[in-house]
Amino acid sequence: MNNFDTLLQSIARTTVVCVGDLMLDEFVYGEVSRISPEAPAPVIAVQRSEINVGGAGNVARNIAALGARCIFVGLIGDDEAGRTLNAELASEARIEPLLVCDPARPTTRKVRFVSEHFSTHMLRADWETAAAASAEIEQRLLDAILSQLERADIVLLSDYAKGVLTVRVIATVIEAARKLGKRVIVDPKSANFAIYRGATLLTPNRKEFVTATRCAADSMDEIATAAQEAIAFADCEAMLVTQSEHGMTLVPRAGEPIHVPAMPAKVRDVSGAGDTVAAVLAVALAAGADWGTAMRAASAAAAVAVSKNGTAVVTPAELRRKILPHASLAAEDKIIGSDAELDLRLAEWRRDGLRVGFTNGCFDILHPGHVKVLTAARGACDRLIVGLNSDASVRRLKGESRPVQNERARAEVLAALEAVDLVAIFEEDTPLKLITRIEPSVLVKGGDYTREQVVGHEIVAARGGEVLLIDVLPGFSTTSLVEKAREGTS
């Protein structure tokens, strides 16, 4: 636990320069219940759709989600998809997008039609130009990349063969990075590994490895033998072959191969799992992890990623839960730091069909009355979010002498309780804005309120939710406890 937490803290201090093919992933969810009368083709009744930053952009988002800083260089067209991608990346606090616009090509866009019920892909439509970038665009890409290398702890090239990573771009970046003493990880697409000559690590999947080496890759010995030949050919330090449910095998230039089995996972969607592996390897190695530690973290992250729909990111809290399934979630991971983090947790819970509950208060001095309400609230839902008044909010409501404990202390006490799954601090006098964002299925307050007095009851009722009032425990009040303490009584 301590070593893993130290690794996460180190990751948060790293910077990755990520270069690669950016694409817009769109997922259209629906069901097929009939055949078109116009042609023998299924008709999809669309229920919802969503967009995600895909390709190398998904690598960048995973790097940022793990707490590292990512300087991302990619290519877009002068179109709506490109503008959407630019806006999405720019909205990420830890991503610094340096996107080159090429009006002569469309932004790569992939639309997947997915069964909402079975989570299976029915059709994919692609808009793309895979031709290599022109000499002018190539130079603009290099200018952007080379100007940022000194800031990097590690460089990651994510090749989807859509024109960004030309032979010249790859060779120039690897040479420049090596001169600066920066390691370079490549997630390759080309079957000619020689174009990545001089990289630190290549991370092909099994299919890419078999195509490039003409090796059957049916055993670890076969993989090791073929990888050593490829390492010599590409002049790299190591090769890591990902093998889906069979785990991943790393073959170093010197030393014994390392195999890490795949972690168990309920597979919903494998889109972007390779991006997650590359991102975790990069940040872990940049943070000082050895090969084995980086691989175990990457394997755990891949298991989390494939359990989600669409191209998804993995958070430190999710990674911790996967690596340490029997350990309690650390209290600090229950305290939400941003709206984006809250949205990620909510999306994860809703994908799993979990019932989300909400209650709120100042919780200045935690007492048995609070514990009763929190325990009852947790019993009425699968995940409980506690809205906590900020210090400024408490002062406005209770007076200048309150709170007794600051908001961080109050949040840590609440987060240490087993009944509490998340703590969200709000600045307003009421949690209405927070409730509107969360849209809980259950809204809980003490029985000293009426249903109509509970802030947000209309929002919950409108969505078919429940407002639950818990009988208060007589004799317990924070105000009376504070007064007794000041009077010196017990």
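Even glycines carry a Cβ here, placed using N, Cα and C.
Residues or ranges marked as active site by Swiss-Prot on the basis of sequence analysis: Asp275. All protein chains considered, the CB of Asp275 (active site) has 28 other CB atoms within 10 Å.
Proximity of Glu208 (ATP binding site) to non-local residues of its own chain (separation of 6 or more, Cβ distance below 8 Å) is seen for Pro188, Lys189, Ala191, given in sequence order. According to Swiss-Prot, the feature ATP binding site maps to Asn205, Arg206, Lys207, Glu208, an assignment based on sequence analysis.
According to Swiss-Prot, the region 'Ribokinase' annotation covers 1-330.
According to Swiss-Prot, the feature region 'Cytidylyltransferase' maps to 358-490. Summarised as a single figure, the pLDDT of the region 'Cytidylyltransferase' (358-490) averages 86.
Taking each of the binding-site residues Arg206, Lys207 in turn and counting other Cβ atoms within 10 Å of its Cβ gives the largest count for Arg206. In the region 'Cytidylyltransferase' (358-490), helix, strand and coil residues by DSSP number 55 helix, 26 strand, 52 coil.
In this structure the C-alpha atoms belonging to Arg206 (ATP binding site) and Asp275 (active site) are separated by 15 Å. Residues near Asn205 (ATP binding site) in space but far in sequence (CB under 8 A, at least 6 apart, same chain), listed by position: Val241, Thr242, Gln243, Ser244, Gly274. On a Cα basis, Asp275 (active site) lies 16 Å away from Lys207 (ATP binding site). DSSP classifies Asp275 (active site) as helix under the three-state reduction. Each of Pro204, Phe209, Val210, Thr211, Val241, Thr242, Gln243 belongs to the same chain as Asn205, Arg206, Lys207, Glu208, is absent from that list, and has a C-beta within 8 angstroms of the C-beta centroid marking the ATP site.
Asn205 (ATP binding site) carries a strand DSSP state (E or B).
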